[in-house]
Amino acid sequence: MSSAKRTKTNPDLQKERDGASFNPFSLTCLLHGGEENVERKRELERLALDDPELQHEHLSFLSRDERYTLGLKKTIRFLNKCWELDITGIQDVNTYRRAVFLGMLEPLSVHYGMFLPTLLSQATEAQQEKWLSQALNYAIIGTYAQTEMGHGTFLRGLETTATYDPKTEEFVLHSPTLSSAKWWPGGLGKSSNHALVLAQLYTQGQCYGMHPFIVQLRSTEDHTPLPGITIGDIGPKFGFDEVDNGFLMMDHVRIPRENMLMKHSQVLPDGTYIKPANSKLAYGTMMLVRSYIVSDAAQSLCRACTIAVRYSCVRRQSEIKPGEPEPQVLDYQTQQYKLFPLLSAAYAFYLASHYMMNTYFQLSGNISQGDLSQLPEIHALSAGLKAFTTQVMSSGIDTCRMACGGHGYSQASGLPLLFANATAGCTYEGENTVMFLQTARYLVKCYGASRTNEKLSGTVAYLSRVQTAAVAGKGTRNLLDLEELVGAYQHRAARLVGMAANQLQAQAKAGKSPEDAWNSCSVQLVKCAQAHCHFFVVRNFVDTVRTADVDDASRAVLNTLCQLYAIHGIIENSGDFLEDTYLTGQELQQANSHLASLLAKVRPDAVALVDAFDFTDEILQSVLGRYDGNVYENLYEWAKKSPLNKSQVHESYHKYLRPFLQQNRAKL
């Protein structure tokens, strides 16, 4: 989708579009939930992109202070327009948000991303009546203070304490060590005046683990820190320049008993602790955030692929045959091998994110009716997919950058900023290795249940019915058949889960404690979780190819992408399939032959496939990925806007360089 101002399209790029085998709009509708949703998406995007209050210099030309200020300005404009125009519903709000912020991170994103959802899921009705209206209407601004300087994903290791004083019916919040300082919460540094602080609850001499407490941090009159509060910004980061990630230390700060969120667990006035009916009820907010991260990972990979594929069609380089014109870079098979598997992964992750969001909202409804049966499964899947998608996305964006050659290193490409912001998904809301191990713990438990003939369902049903030894006598498999591909990934996942479970059992029999046994098997446990997630993504992709409401041409190109995604995964993880002879060396050779054919098959449709993501130039924020392909003219115009070019002779010349040159000339 082009920007508002139409220009003549680069002939190479136009030729690519004219030669596509399908109409990209068909897949655009699939990815965005139908034609009506696409039109609504475009309407909301134009509303933001045409707003004169949201125009600004390229982010690369702004200081961090300017970017934070701009982020706040945009946030307030975004919220006011949502209220003014009644933009509601998650899909509409997220669409409008992306078009407003254009790759920026919002200083107040934790307020609506975690502060509000936690109030909704963990506060009592009385607490919601007191706090929720204020938070929804931004009368207060909150953040979510969990991570500490010394501990992150390991919640039991967090040191902040909340000690109940029954004499005053107050909790005393305290940071006992430097390492207990809350560190990293978005919006904490300068923006928020309240926080949901996660602290170890102490009452009647006992510790009951982590619980959330509402703590006011700053005055609602002049925004100065309250007594006992030490607070500030943690400084520049790899990315996220618009966000004031902060630190917080509390010196015996007292809050009312009612400021502990008590929907699931309670502390009575006399200090008696009432434990929750189910300790996993607090997982809801985490699952929602991780589902959003899967969606964001898909979006980020889609953007990177769009930039790299379009530029690879505009850029001509070297020669394949001496004396002939320089070919498009995308004609080189090595370039196709870099980009097309990532393009197929972008589609696979986009479709997986649809599943996660739909499942989360269905699960929320079930929980509200008292049905918690799916909670452990979906919690494990959300943790694993968060890790699996962000891991591929992060390395994939950098692959796209390098595939763009030297120009990919320029901020004009959009790829450095995209990578700097998106790669944070590998560590925030749960470091990826820890997330895989959470998934593995659930898988091992399910595997053990299956060995006692317990029936499994949902995404782990395969563990109760799949052989973990190779299927003998099957003959040569047709690895272009989607059923065969699903079967291969299913077998791999079941086998690796079984191996991990058996290794744990063997370590225990050898006398190791459960903790030491787990650590000794942790590499294999991560592998089994990765295999489970990979199987899920392949199966979900295949299901979509079968059931998608698209025309035959679009289904055919989806089928090709699905084959490419699955076969590339087999080749990259060939040892897992060869180890127990599930696949033979001959079949792996066949897979490599198929891969080469699929790369060639995707080549004529590559530009149409990235066009289907439907990014405007303004949202893509890339000179290299422009819809019209006029890269070089706009790269030159972009460079001229550099602040260093505001004067022909920079002031540093007179201050440093001129005296240095004169000094050296005088010696001659």
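Glycine is treated like the rest: Cβ placed from N, Cα and C.
Bear in mind that TrEMBL entries carry predicted annotations, made automatically and left uncurated.
Feature annotation from TrEMBL assigns active site, proton acceptor to GLU429. The FAD binding site annotation in TrEMBL covers THR147, GLY186. As annotated by TrEMBL, domain 'Acyl-CoA oxidase C-alpha1' applies to 283-444. The region 'Disordered' annotation in TrEMBL covers 1-20.
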Subject >> Number of Cβ atoms other than its own within 10 Å, given for the residue listed as 'active site, proton acceptor' >> reply: 23
Subject >> Cβ packing number for GLY186 (FAD binding site), 10 Å threshold >> reply: 25
Original post:
Roughly how many angstrom lie between the C-alpha atoms of THR147 (FAD binding site) and the residue listed as 'active site, proton acceptor'?
Top reply: 9
**OP:** Specify the count of other C-beta atoms within 10 Å of the C-beta of THR147 (FAD binding site).
**Re:** 20
Subject >> GLU429 (active site, proton acceptor) and GLY186 (FAD binding site), Cα-Cα, nearest whole angstrom >> reply: 12
